[in-house]
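J.: Pasting a structure below so you can have a look.
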Amino acid sequence: MLHILIYFIFFRDQILEMFDHAYNSYMDYAYPADELMPLSCRGRVRGLEPNRGDIDDSLGNKLIQINTNCCFMCFEQLLNKLDEFEEAVKKTVRDVRFDNDIVVSVFETNIRVLGGLLGAHVMADVLKQRGERMQWYRDELLHMAKELGFRLLPAFNTTSGLPYPRVNLRYGVVNPLSRTGTESDTCTACAGTMILEFAALSRLSGDPIFEENARKAMDVLWEKRQRGSDLVGTVINIHNGDWVRRDSGVGAGIDSYYEYLMKAYILLGDKVYLNRFNTHYSAIMKYISQPPLLLNVHMHNPTVNVRSWMDSLLAFFPGLQVLRGDLKPAIETHEMLYQVTKQHNFLPEAFTTEFRVHWGQHPLRPEFAESTYFLYKATGDPYYLKVGQSIVEKLNTHARVPCGFAAVQDVRTGTHEDRMDSFFLAEMFKYLYLLFSEKSQLPINIDDYIFTTEAHLLPVSLSTTQPPSHEDDLFSYSCPSAQTLFPNNPTFAKTIRDSYKYLTGVGRAQQASSVRWLKLVAEVSHTPEHEEVVPLIVQLISPPFLGQTVFTAGPAKFGTDLTKQQHGVKGSIMKSVPYTACGPIENAVELQGHIALALRGDCMFAAKARRLQEAGATGVIFIDHREGSSSADTPLFQMVGDGEPTDDITVPLAFLFSKEGATLTAALEEHHNVDVLLLPKEKQLGKEKPEKLNIKFRLAKEGELAEGETESTTIQLVLEQSETDTETNNEAASLMRENQETCSSLQKDPESSP
């Protein structure tokens, strides 16, 4: 116990030092600008720096500093640093004004600025009610929040009730001076992430107009869901409610809509929000969740995947699943994300279903830390403290610079970007600090508050009704309490994680007396979690190998089932052109009748297999593109399809890791003709009783010579077989004789050799 306390204290102190470094850098080099440019050591002022498009929509000249200041205020309240908290409140009241002729994002201004003001007001009011501090405070932050709320309301003046994506803080929308109001579309998350802040503002100020407008927007999104799948799209027309982009997932463009449905129930006690969330959640788990992956599908045809990559914003979802009470898939997806961070140091902004980088940026997003915090509080498993420790260490090693922390421009190279978003201060350090804190060490009862999507704290006491009690549906109707829902049982989490521990191939599999090949879901898979992968082999049977060179290979869920082939599948290998087989096959004539070699990556396994089969290949061996991977270091995985039916793929398929694949291709380069046999490992030729195959040489006796042969030139090879030889060795002898005869004919007629 003492060891754990010391561990907690050490990392809390380290996190506080990191926060001070980031916040003080902002105050020293950027205040009162909106954000810090940590490489330039100066503030980012909108209009003075090159425009970055939508990224700058959240900036507003002394506007987003509220997110920074308010996160500082809330953080100092958590630390019980009351002098610093009080000074930060005074500074915000003194320096911030909203009557600015500037166009801002409604969504970003709501979650960062309005939410920050409300969270800081709640903390200030707590201190005032305790009679300890803030006796001068007269709800100034709440008044500022109400003013800002009124300046955002014109965005909701649409025929549908869905808000415009942008608003001018002085002139509203559809005003000749507003420079906004011509937009027709908004994202689902943009319209559906208003209810917490607007409802809190209504209930704290007594003016219902804010909650009414936010609720109407939520109602429209619910009504516009696809009734067949109960999914929503990514972009919607704000005037007629038609879907503009119909891809559906839990990441960018939709994420916080689902989050706010669940949290609106927790904050407001309204069962309508919970019922809607549960309906959507069932659809997500049916169509989008392919543990441990979370994929994007077409909302009107949810069995069709619309892309082969995931974005980092979905990392919040395991934390939301913890609140929902669905712990198993939360652990699975979180473990997948952790393995990706171990491979790339951080979550890339987007990564493929094969866990390669799709977009390499990492703007210091906090969602993975958020889910780590929720999973630790739910399970009590110290494993998640180790995950938090790795986040801290990687931030200090790869993102820390003299003037703060810099976003990573590309996780593959480690290059930095001159950017430190306010959400990094508002969320990252708060979740990390809470991860290494016991509830008793905090000055407030954290269970009395709900986190907004920007990690501002709003009190659940705002609810006007008590959540109903449904004993038959505990997970759906309980206000989430980690201590109630999940007793501390680290073994439970470990059992689930172990199946995904080496998902990306980083690290070594645990050794056991009976090796179990762990399943790696590299593409969409519906395979039961505990199904074992049956290893295949690629056995080289042509001279000079003659069956002695054998590579362990992974199987596929489609194509010829090699376990049902008595003698395996034999063929001569040839490289595909292009090597990835992701475009038209250029050497189709040469490939006919051969087993094709194709490099993994750039497109799905099934797409490669179809092209090569159409080109006439009799089989395919896929070779891993990740340099240095090998079957000795990485568990086999089972290749699966691309979401489409794969009954049309009838050729045998096998997967080799990089090192084995390099040896195979080197053999092809050297010997030109290389025959291989694809078969299950348990049927490897000559493996079971190789000693039963006796090879003897003797001189031919007089009278045994064929016409034209002389005694001096003839040595005969005699294969003697013991009575107990198995069918496997008969097959081995037959194949080896066949290839030996080929070798002999080539020796007699050298001109026929290629």
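We count from 1, first residue shown onward.
Heads up, the Cβ atoms here are built off N, Cα and C, so glycines get one too.
Quick caveat, the model's predicted, so the values are computed rather than measured.
The following feature annotations were taken from TrEMBL:
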type     : residues : note
ACT_SITE : Glu108   : active site, proton donor
ACT_SITE : Asp255   : active site
ACT_SITE : Glu349   : active site, proton donor
ACT_SITE : Glu367   : active site
BINDING  : Thr453   : Ca(2+) binding site
DOMAIN   : 571-664  : domain 'PA'
REGION   : 721-754  : region 'Disordered'
J.: Other than its own, how many Cβ atoms are within 10 Å of the Cβ belonging to Thr453 (Ca(2+) binding site)?
T.: 25
J.: So of Glu108, Asp255, Glu349, Glu367, which of the active-site residues has the fewest other Cβ atoms within 10 Å around its own Cβ?
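T.: Counting other Cβ atoms within 10 Å of each of the active-site residues Glu108, Asp255, Glu349, Glu367, the minimum falls on Glu349.
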J.: Could you state the whole-number distance in Å separating the C-alpha atoms of Glu367 (active site) and the residue listed as 'Ca(2+) binding site'?
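T.: Glu367 (active site) and the residue listed as 'Ca(2+) binding site' have their Cα atoms 9 Å apart.
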J.: If you measure from the Cα of Asp255 (active site), which of the recorded positions Glu108, Glu349, Thr453 is the nearest?
T.: Thr453
J.: Which residue counts does DSSP give the domain 'PA' (571-664) for helix, strand and coil?
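T.: Counting residues per DSSP class in the domain 'PA' (571-664), I get 21 helix, 22 strand, 51 coil.
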J.: Could you state the CA-to-CA distance between Glu349 (active site, proton donor) and the residue listed as 'Ca(2+) binding site' to the nearest Å?
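T.: Glu349 (active site, proton donor) to the residue listed as 'Ca(2+) binding site', Cα-Cα distance: 18 Å.
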J.: Between Glu108 (active site, proton donor) and Thr453 (Ca(2+) binding site), how many Å separate their Cα atoms?
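T.: Spelling it out, the Cα of Glu108 (active site, proton donor) and the Cα of Thr453 (Ca(2+) binding site) are 11 Å apart.
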J.: Quick one: average pLDDT across the domain 'PA' (571-664), no decimals.
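T.: Summing pLDDT over the domain 'PA' (571-664) and dividing by its length gives 88.
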